[in-house]
Amino acid sequence: MTEKNIKSEAGILSANIAVIVTFLYLISVAMIFLVTGDKKLVILQTIWYLLGVMVVILMRFISISYFEKYAVWLYGLGILMLAVVLIFGKEVNGAKRWLDLGVVSLQTSEFMKIFFILYLAKIIAHHREKKQQGQELLLFVKVFLVLIVPLVFIFKQPDLGTAIVFLLITCGMLFIGGLSKKIIAVAVISGSAIMGGLTYLIIFQRQILLNIGMKNYQFQRIDTWIDGSAVDADSAYNVEQAVLAVGSGGYVGNGMDPQVYVPERHTDFIFSMIGETTGLIGSAILIILYFFLMYYFIRTCFLTKTLYHTYVITGILIMMSYHMFQNIAMNIGLMPVTGIPLPFISYGGSAILANMLSIAIILSIQHQHYSSVFGSDPSFEKKEALTN
């Protein structure tokens with residue numbers, strides 16, 4: 001690919017991502033105001049977005065290689081933040097996931113996901129670059145140790161939805177990292193055994209899970225997902241209202257007058273409001289925007305030539321894709337309810353900042369790749385040589 005073509009490709013990708021994020025912002029503030037009528041929430045959401053834009057601009061002047069170099073420190077910072085939340089965090093609805101800073105509350109696990117991706121990518125890339133063939137088991141052990149620490153803290157909050165995100169990120173990055181079929185088979189068998197064991201405990205031995213940190217409301221969410229008619233009306237209310245709202249929207253929606261009341265409709269259940277007010281057409285447009293955003297992430301993977309960058313983008317891609325799928329699926333009753341926000345749409349500063357940081361990292365990789373190809377970053381040439 002020529003210099004002109006690469007520059008054009010990188011520029012188009014960056015511009016397209018910026019346009020999509022702008023549309024998502026407009027959808028977010030429009031829906032928040034429509035369903036709450038609270039201008040303060042719109043202003044706060046806009047402030048979080050503006051802070052995110054500042055992060056994107058700042059990242060233009062910081063090489064992604066610094067994140068690779070200090071990934072272990074970022075990982076350690078994330079663990080510290082999770083520990084602080086468990087000690088000093090604010091408990092809401094039986095879960096201690098937020099750190100109250102007075103003016104705002106931060107959900108530290110949102111940032112830990114990104115720090116985890118940055119560090120895990122470094123571990124896998126280092127393994128591949130050193131060509132440590134025959135040592136896949138050692139890599140598997142390293143990754144397990146890096147994964148288990150945040151999982152323990154997150155499980156204690158408790159936040160099973162976020163724990164699943166960490167597991168999916170790990171599995172996806174290891175798969176892209178080229179683990180041998182034997183190790184992948186061991187991982188799949190182990191994961192299946194764990195899921196089977198959890199299923200048994202959920203059905204027959206719930207007290208054991210309650211003793212180690214799970215809450216009754218989490219079991220109620222699972223029961224509602226399996227059979228809403230088998231639980232009390234209060235437990236199934238949120239999901240039933242969300243499904244009713246989506247269904248009532250029909251093809252073109254009910255316009256600017258939502259008829260169905262849905263709790264948490266500007267946060268976890270905002271997609272149900274999109275479905276009700278804009279119908280199938282509006283929901284499809286949102287999903288198409290997400291599809292193209294993920295497509296541009298994948299295009300960036302093809303643009304970059306370093307393993308570390310590839311693994312970082314893979315982790316972010318998996319994280320955001322699952323967030324989109326899980327949130328939309330729970331709004332239409334296909335998945336149990338979790339606290340996973342709808343990317344770039346749900347109200348909340350921590351999620352918006354984490355989403356914008358992810359975008360900043362992707363754009364920084366695009367920018368650094370273009371600069372590195374033409375000689376301004378010797379570290380790129382060194383890493384590329386290691387992979388050949």
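Each Cβ is built from the backbone N, Cα and C atoms, and glycine gets one as well.
Features of the protein shown, as given by TrEMBL:
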TRANSMEM  12-35  transmembrane segment
TRANSMEM  41-63  transmembrane segment
TRANSMEM  70-89  transmembrane segment
TRANSMEM  101-125  transmembrane segment
TRANSMEM  137-154  transmembrane segment
TRANSMEM  160-176  transmembrane segment
TRANSMEM  183-204  transmembrane segment
TRANSMEM  279-298  transmembrane segment
TRANSMEM  307-325  transmembrane segment
TRANSMEM  345-365  transmembrane segment
Among the ranges 12-35, 41-63, 101-125, 137-154, 279-298, the one whose Cβ pairs under 8 Å to the transmembrane segment (70-89) are most numerous: 101-125
CB contact flag for the transmembrane segment (41-63) and the transmembrane segment (345-365), at least three pairs under 8 A: yes
The transmembrane segment (279-298) in contact with the transmembrane segment (160-176), cutoff 8 A, at least 3 CB pairs, sep 6+: no
Leading contact stretch, 12-35, 101-125, 345-365 vs the transmembrane segment (307-325) - CB distance under 8 Å: 101-125
Distant-in-sequence neighbours of the transmembrane segment (160-176), which means Cβ under 8 A and at least six residues beyond its ends: 109, 113, 116-117, 120-121, 124, 139-140, 143, 147, 150-151, 154, 184, 187, 191, 214, 218, 310-311, 314-315, 318-319, 322-323, 326, 338-340
